[in-house]
Amino acid sequence: LKALSSSPKDPASPPPSPGHRALRGRFLPLFLLLRLADWLQGPYFYSVYASKLLPSGDPYPLSLISNLFLVGFLSTALAGPALGRLSDSLGRRRATLSFTLVYALGALTASSPLLPLLFLGRVLSGLGTSLLHSAPEAWLVTEAAAVDSAETPASPGTDLSRTFGAAYALDSLVAIAAGPLAAAAASSRGPSGPFQLSAAVLAVAGAGVAGIFLTGMIQSLFEAAMYIFVLQWAPSLSSAISSAFSPSTPTPYGVIFSCFMASCLFGSTVFSSLIGRVPAERVAVLLTTLASAAMAVAAYCSSLPAPPLLALTLAYFTFEATVGAYFPTVGTLRSKNLPDSHRSVIMNLFGVPLNLLVVAVFLSINSLGVAGALGVSSGILALAAAASFELNRIAGEKQ
């Protein structure tokens, strides 16, 4: 109904400027992640505290849960003005990053059985709520003003209004999706599960605010595809060799592995020749796109009753060449985008989705099969390519 009732675009209305279009592309994903983290906590707020026990063994009464609820409102009301001034002095971007940290800590306290820690968590959540309702919006307005000063807007304020309209329309969809996500987390982890998931979403959003999300996304997705490939290449090539020669023909795994490593050497050599002339962001676009295409070819070949050996081998050699170029490329990207003070923590943080993807595929291998697993690799490499395109675009804007 919302879509049907939307008014058609006015043909006389000027299109958004390039600067505002880029700003919207940066702002909306992060804003929606921040809002998702907030919405996830709503459905199970009562349930998580009702599951706690007093020293007597009795569950928390409604009056105590109400007091916990009120503490959050009081901290928002009392600290809101001070946080607003602090946001103005420190900068809206830093205030948004502070929200992700404070709100995540508040969410994690929901797993504690200690009442003082639960009250502390409500104080932190109240502070975070104040920042959520002010810092991202102020950050957007500040960035929009900077764009307007660099460009000559056809209709001042229109592009910003469009961004606000898109943000809160999409926020409604995020809120709707938060319900099933929270229910799934609660089913898996208990009433505190949605709060833990909220903290994880905030960690990803915080990384995005800090300008490192795309680099971490490329790392997680590419390496997940690489580890999925490790388990699939042997049975797929063995099947192709049996089809090309005879079922009794042995598969030369050692020779194949050496050829893979030679392909990696070729890829790293090509990277060394490119990096002085081509930005690392553009190299990332090339190698992730090529890797996705190679895995798509491998998935198709593996799905055939008689996999074509030459096409499959070339696809695997191509993928291994991109692996050889990937490691120096992502190392260069991390050196540009990851702060030295938190490099190890951030790299390990993005290792979490990497391992979850690999585990999910391996647990589903009976239903996916070799071709399905390679298809998943191609899909997540396509996502890595999309992240590379965005990172390259942002890098181009800064030049």
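Each residue, glycine too, has its Cβ placed from N, Cα and C.
Ranges compared are 64-83, 224-243, and TrEMBL records transmembrane segment for 64-83. Ranges compared are 34-58, 309-333, and TrEMBL records transmembrane segment for 309-333. Same-chain residues lying 6+ beyond the ends of the transmembrane segment (251-271) with a Cβ under 8 Å from its Cβ atoms: 233-234, 237-238, 241, 283, 287, 316-318, 320-329.
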